[in-house]
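Undergrad: Have a look at this one before I ask anything.
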Amino acid sequence: QGCKLISEKSHLTKSLLAVAFLASFGSSMLYGYNLAVVNSPAEYIKDFYNETMIENYDWTPDERHLTVLYSLTVSIFAIGGMTGALLVGRLVTRFGRKGTLVRTTMLVFIGGALMGFSRTCRMPVMVICGRFITGVHSGISLSAVPMYLSEIAPKSLRGFLGLVPSIHICLGVFIAQVLGLHELLGKEEHWPLLLSLVVFPTMVQLMLLPWFPESPRYLLIEKGNVHATIAALKWYRAKGNIQAEVEEMQEEQRSLSSIQTISVRSLLMDRCVRWQVITIVVVNISMQLSGIDAIWFYTNEIFKNAGIPEPHIQYTTVGTGAIEVISGMLGCFTIERVGRRPLMIGGFLFMGLCCAGITVSVLLQAQLTFMRYISVGCVVGIIAGFCIGPAGVPFLITAELFKQSHRPAAYTVAGCLNWLSNFTIGFVFPFLEMATGPYCYLIFCAICLGVAIYTIFVIPETKSKTFMEISQMFAAKNNILEEELTPNGHLKLAIMNGYGTLGEK
């Protein structure tokens with residue numbers, strides 16, 4: 001009944017829902033899967049590296065060298081992601097949002113094949129290369145999917161559809177944890193298959209996604225194809241008048257008629273979007289430096305240190321994955337009611353509290369045995385707090401804070417920072433934990449509290465606002481005077497007059 005009410009009020013059509021789930025299933029879910037899939041077979045992968053080093057090079061690596069190799073296997077995924085993020089701006093401009101998703105599926109097939117045959121070929125480098133290539137795909141799709149969904153969604157459903165990818169990220173983590181159980185694919189001989197299963201969701205996406213239309217905003221504003229735009233809107237909307245949406249797009253197109261899709265350098269130099277850029281920098285770095293990737297990459301180790309019996313750790317980890325999915329769904333179905341800000345603020349505050357709780361509980365669990373359960377509860381709390389809001393809202397507001405000409409460059413900046421932070425945590429956290437012990441979570445606590453405060457004072461609510469209305473909301477923060485704006489909220493172009501001063505164009 002609730003879904004029916006949403007559909008009636010906001011025109012949630014079957015086509016919109018289908019493309020949101022299809023794009024997320026074949027792209028966003030793979031990101032979550034690849035984040036968590038290396039957790040369960042960690043010891044088997046290290047043993048494989050050890051065996052092949054002895055066989056191929058007659059060299060026996062010590063535990064520290066194996067830790068470095070495994071950390072590289074974990075974090076090379078993020079290096080690939082950062083590479084993909086650097087490419088995404090050009091790809092979505094040239095091939096479109098949907099076109100980019102379809103064309104990049106080949107990367108998953110290549111990466112999956114390398115990882116799947118690595119044990120047979122006795123080549124550890126195939127695992128690392130496969131992780132890098134699937135990382136490139138995730139770096140592209142992690143930006144292209146929310147960009148695509150935000151542009152096909154009506155403003156009243158942009159938040160709901162924008163968080164569908166985050167549900168699939170959580171679902172990917174959960175599936176990796178379930179399949180990694182010893183009773184399923186968690187045995188030593190099965191870990192290459194576990195890593196290569198990413199090809200199957202991609203195969204489904206490759207077969208079905210090409211039948212759906214491209215983003216209407218891309219077709220009209222960037223390609224100028226009115227007929228294709230109307231056809232796409234009719235496909236994605238309920239029966240009714242779509243003229244208002246077409247006129248809103250044409251108004252934005254007219255305001256941008258002399259401006260091509262801008263570069264990253266131009267974005268960073270543009271004072272009209274100064275606070276929007278600062279905002280995406282803060283939320284995307286904080287999203288990864290909140291400690292969530294440390295939790296995802298090293299869940300088993302954290303539970304072992306918390307005193308959970310080793311045979312039970314895998315089931316505890318699967319339980320946290322189920323909580324991720326439930327929390328993601330809660331955020332998705334409440335974002336259009338409560339807005340973006342409450343989910344961000346509440347999520348980061350709760351994560352910060354739980355990070356501090358882990359530090360306290362681990363320090364005291366030698367004296368108070370019940371503290372080990374508190375630490376597990378705090379791990380669950382961090383995951384739940386993250387999946388409710390901070391997991392998906394940063395990607396959503398990256399689309400909402402920028403107009404069509406700035407959006408690809410904004411996603412390039414956001415994606416690169418997101419993946420750079422992801423790599424930093426994945427590679428540094430094991431050594432940080434060895435050096436500081438449980439106190440390392442206090443660093444994550446400070447970051448979470450800092451971004452919550454930033455959100456309170458800087459980020460406005462964007463729920464049910466058009467892209468042009470959001471630009472007007474930021475004009476005051478960017479010190480853009482009212483007389484510098486056109487009636488539509490765009491900065492007036494300026495030319496040098498005969499006296500060497502600026503005049504309106």
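Just so you know, glycine gets a Cβ as well, placed from its N, Cα and C.
Predicted automatically and left uncurated, TrEMBL annotations should be read as such.
Relevant sequence annotations retrieved from TrEMBL are reproduced here:
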| type | residues | note |
| --- | --- | --- |
| DOMAIN | 20-463 | domain 'Major facilitator superfamily (MFS) profile' |
| TRANSMEM | 12-33 | transmembrane segment |
| TRANSMEM | 68-88 | transmembrane segment |
| TRANSMEM | 100-117 | transmembrane segment |
| TRANSMEM | 123-148 | transmembrane segment |
| TRANSMEM | 160-179 | transmembrane segment |
| TRANSMEM | 191-212 | transmembrane segment |
| TRANSMEM | 275-298 | transmembrane segment |
| TRANSMEM | 313-333 | transmembrane segment |
| TRANSMEM | 345-364 | transmembrane segment |
| TRANSMEM | 370-397 | transmembrane segment |
| TRANSMEM | 409-429 | transmembrane segment |
| TRANSMEM | 441-459 | transmembrane segment |
Undergrad: Looking at the stretches 100-117, 123-148, 191-212, 275-298, 409-429, which one shares the most CB pairs under 8 Å with the transmembrane segment (12-33)?
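TA: Checked against 100-117, 123-148, 191-212, 275-298, 409-429; highest Cβ contact count belongs to 191-212.
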Undergrad: With a Cβ cut-off under 8 Å, give me the same-chain residues at least six positions beyond the ends of the transmembrane segment (191-212) that come close to it.
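TA: Sequence-remote neighbours of the transmembrane segment (191-212) are 15, 18-19, 22-23, 25-27, 29-30, 33-34, 37-38, 40-41, 44-45, 48, 98, 101-102, 105, 108-109, 111-113, 115-120, 127, 130, 134, 176, 179-180, 185, 235.
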Undergrad: Any chance the transmembrane segment (275-298) and the transmembrane segment (100-117) are in contact, meaning at least three CB pairs closer than 8 A with a sequence separation of 6+?
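TA: The answer is no, given that the two segments have fewer than 3 Cβ pairs within the 8 Å cut-off.
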Undergrad: Hey, would you say the transmembrane segment (409-429) packs against the transmembrane segment (100-117), going by three or more CB pairs under 8 A that are 6+ residues apart?
TA: no
Undergrad: Which of 68-88, 100-117, 345-364 shares the most C-beta pairs under 8 angstroms with the transmembrane segment (370-397)?
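TA: It is 345-364, which has the most Cβ pairs under 8 Å.
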Undergrad: Can you name the far-off residues of the same chain, 6+ from the ends of the transmembrane segment (123-148), with a Cβ under 8 Å from a Cβ of it?
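TA: For the transmembrane segment (123-148), the list is 23-24, 27-28, 30-31, 34, 38, 45, 48-49, 52-53, 69, 72-73, 76-88, 91-92, 97-98, 100-101, 104-105, 107-108, 110-117, 162, 165, 195-196, 198, 215, 392, 395-396, 398-399, 407-408, 411-412, 414-415, 418-419.
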Undergrad: Looking only at the recorded stretches 68-88, 100-117, 160-179, 345-364, which one has the largest tally of CB-CB distances under 8 Å to the transmembrane segment (313-333)?
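TA: The listed stretch sharing the most Cβ pairs with the transmembrane segment (313-333) is 160-179.
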Undergrad: May I ask for the residues of the chain that lie six or more residues beyond the transmembrane segment (345-364) and have a Cβ under 8 Å from a Cβ within it?
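TA: Contacts with the transmembrane segment (345-364): 286, 290-292, 305-306, 331, 371-372, 374-375, 377-379, 381-382, 384-386, 388-390, 393, 437-439, 441-442, 444-449, 451-452, 455-456.
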